[in-house]
Amino acid sequence: VLVTIYADYIAPLFDKFIPLPEGELKQQIETMAKNIDFPLTKVYVVEGSKRSSHSNAYFYGFFKNKRIVLFDTLLEDYSVLNKERAGGEDGENEDMKSKTKNKKQGCKNEEVLAVLGHELGHWKLGHTVKNIIISQMNSFLCFFLFAVLIGQKELFAAFGFYDTQPTLIGLMIIFQFIFSPYNEVLSFCLTVLSRRFEFQADAFAKELGKAKDLYSALIKLNKDNLGFPVSDWIFSMWHYSHPPLLERLQALKDAKQE
């Protein structure tokens, strides 16, 4: 409910959301959504370029009321940066024009569809529901253990509270110190699961025949988002919720070549 309220009423206070105009891209998005039974109701473009050059796409909504949001920086035709460059080309020579054209921000329609195929793969494979279930189970476990530990006098005595057991102090002790090792292990497990979900979503887009376009889109997004393609495998395994670019490209490589 809060996610829906945020997207409909809070987010528009800070960013401008406009419906994606009728055209080839919208038709292709609606067709792809229909083919995988995604209950799409609206497609929006948000002016993400006002804040940064970061490119993204996401969907939200419950049950039969799903909506897709595309950042303007994701779309080659809507990117403010591309329009600014185009406006400044009048006095440039042909070589400069060619370089500017090759450095356009955002993705072509086919690449946008590939990115959406990845995002819709998360929905089709139930990743969102699984994450919600895991989150609720973790919350239940944490508060259950809190209820068990809050009555332990030895716990308070270890921190110098011999005669009193303040609830706020107990909350700090349990969640900040007792749960610290558990949270580290949980964080690592969720990171591993998230990376697995990302590979599965890429594979879903591959099954839709979008491997080649997703391959090129990932490279463009990595450049637009100022990502660094090379990562130490141990560091990335522990910290990165998304697989490094080269690992994702390698997984898509065979299908792309086909």
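Positions of Cβ are set from backbone N, Cα and C atoms, glycine also.
Feature annotation from TrEMBL assigns active site to GLU119. Using a 10 Å radius centred on the Cβ of GLU119 (active site) and all shown protein chains, the other Cβ atoms total 17.
With a cut-off of 8 Å between CB atoms and residues at least 6 apart in sequence, the same chain places HIS118, GLY121, LEU214, ARG248, ALA251, LEU252 near ASP202 (active site, proton donor), listed in sequence order. The annotation active site, proton donor is assigned in TrEMBL to ASP202.
Every protein chain shown contributes to the tally, and the Cβ of HIS122 (Zn(2+) binding site) ends up with 20 other Cβ atoms within 10 Å. The Zn(2+) binding site annotation in TrEMBL covers HIS118, HIS122, GLU198.
Annotation comment: TrEMBL describes 19-254 as domain 'Peptidase M48'.
If you look up TrEMBL, you'll see 140-162 (among others) marked as transmembrane segment.
What TrEMBL records for 168-193 (among others) is transmembrane segment. Same-chain residues lying 6 or more positions outside the transmembrane segment (168-193) and placing a CB less than 8 Å from one of its CB atoms are 134, 138, 142, 145-146, 149-150, 155-156, 159, 161, 237-241.
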Cα distance (Å, whole number) from GLU198 (Zn(2+) binding site) to GLU119 (active site): 9
Any further residue of that chain within 8 Å (Cβ to the Cβ centroid of HIS118, HIS122, GLU198) of the recorded Zn(2+) site: GLU119, GLY121, HIS127, PHE197, GLN200, ALA201, ASP202, PHE204, ALA205
Among HIS118, GLU198, which are binding-site residues, the residue with the most C-beta atoms within 10 angstroms of its C-beta: HIS118
